[in-house]
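Down below is the structure, laid out as structure tokens.
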Amino acid sequence: MGAGASAEEKHSRELEKKLKEDAEKDARTVKLLLLGAGESGKSTIVKQMKIIHQDGYSLEECLEFIAIIYGNTLQSILAIVRAMTTLNIQYGDSARQDDARKLMHMADTIEEGTMPKEMSDIIQRLWKDSGIQACFDRASEYQLNDSAGYYLSDLERLVTPGYVPTEQDVLRSRVKTTGIIETQFSFKDLNFRMFDVGGQRSERKKWIHCFEGVTCIIFIAALSAYDMVLVEDDEVNRMHESLHLFNSICNHRYFATTSIVLFLNKKDVFSEKIKKAHLSICFPDYDGPNTYEDAGNYIKVQFLELNMRRDVKEIYSHMTCATDTQNVKFVFDAVTDIIIKENLKDCGLF
């Protein structure tokens with residue numbers, strides 16, 4: 001009789017111990033949801049987590065990005081060439097017109113993700129043309145990857161035999177996210193599960209089942225999108241779409257108790273753009289100084305004022321540059337401290 005009881009007690013103690021361990025593990029698991037409109041920089045943040053909190057990119061993984069980088073470079077120059085026609089811009093050198101025609105033809109015939117020498121020579125000649133540069137300066141009037149200038153001005157390096165993409169090359173590469181991508185890593189005794197969700201409108205209906213049990217939402221909005229329209233709808237300003245989306249997320253009943261952090265991203269692109277294009281393009285009521293600080297702060301206020309529960313719910317915001325590893329490292333460190341403070345104080349672990 002006694003032996004049976006003690007075995008039962010032992011089993012009970014073991015079960016209790018396991019339940020306690022499971023509870024601690026759950027308490028240390030952080031579900032992070034990355035949300036934001038298309039091309040705001042969500043996937044770049046995910047790449048940074050791999051660089052900062054995992055082992056970064058192996059040589060093999062870096063080499064896999066070559067095809068993407070070549071594809072991005074070709075898409076960019078083709079977008080500029082097409083815009084030359086729609087914006088009615090003349091080539092600085094009429095010989096470039098033939099180069100442009102040749103390039104269009106080659107783009108349809110080459111193997112995707114490759115960059116033959118003849119093609120890279122044509123692209124480099126086009127990129128140096130004054131008309132192409134004038135068209136590039138008007139990039140907000142058509143759809144162009146943020147990485148266009150980065151890759152096109154460094155194409156000679158990218159096509160050198162034996163080229164291995166650098167971390168920066170990888171960070172600037174762009175593949176549209178479809179579906180949901182999960183990344184797991186540990187930091188400050190926490191186990192993170194980060195979910196990157198496609199930002200284009202057609203992808204958003206896939207978000208809903210990710211919502212349950214989310215610890216923190218990082219909402220990413222591109223500061224530089226204030227003078228741009230959507231890929232999916234050229235009537236809608238990207239900043240307005242981002243504000244609309246943020247409004248629906250931050251005031252959603254699902255997220256009443258969820259920490260929300262706002263990343264105002266692409267501050268590097270914004271700081272250059274604001275020198276040339278006035279914020280009133282997006283916000284006609286804005287009559288403040290058209291400086292990085294004033295305009296940036298005005299955008300931040302537009303987002304934060306959408307929070308209907310300001311008295312009980314604080315939204316933390318950071319200006320970010322997702323391609324800058326040190327900046328992301330610093331900001332994510334601060335975000336983790338917020339998560340610890342907000343969500344884990346109840347479980348007695350911290």
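Start at 1 and count along the chain as shown; that gives each residue its number.
Cβ coordinates are placed from backbone N, Cα and C, and glycine is handled just like the others.
The structure displayed is predicted, hence computed values, not measured ones.
Residues 340-350 are the range that Swiss-Prot records as region 'Interaction with RHO', among 98-108, 241-251, 340-350.
Record note: among 52-61, 192-201, 202-211, 192-201 is the stretch given as region 'G3 motif' by Swiss-Prot. All protein chains shown were included, and the count of other CB atoms within 10 Å of the CB of TYR142 (phosphotyrosine) stands at 16. Below 8 A, the CB atoms of the region 'G2 motif' (169-177) and the region 'G1 motif' (31-44) form 3+ pairs separated by six or more positions in the chain. Taking each of the binding-site residues LEU171, ALA322 in turn and counting other Cβ atoms within 10 Å of its Cβ gives the largest count for ALA322. Sequence-distant neighbours of the region 'G5 motif' (320-325) (same chain, 6+ residues past either end, Cβ-Cβ under 8 Å): 41, 44-45, 48, 51-52, 167-168, 171-172, 220, 263-268, 331.
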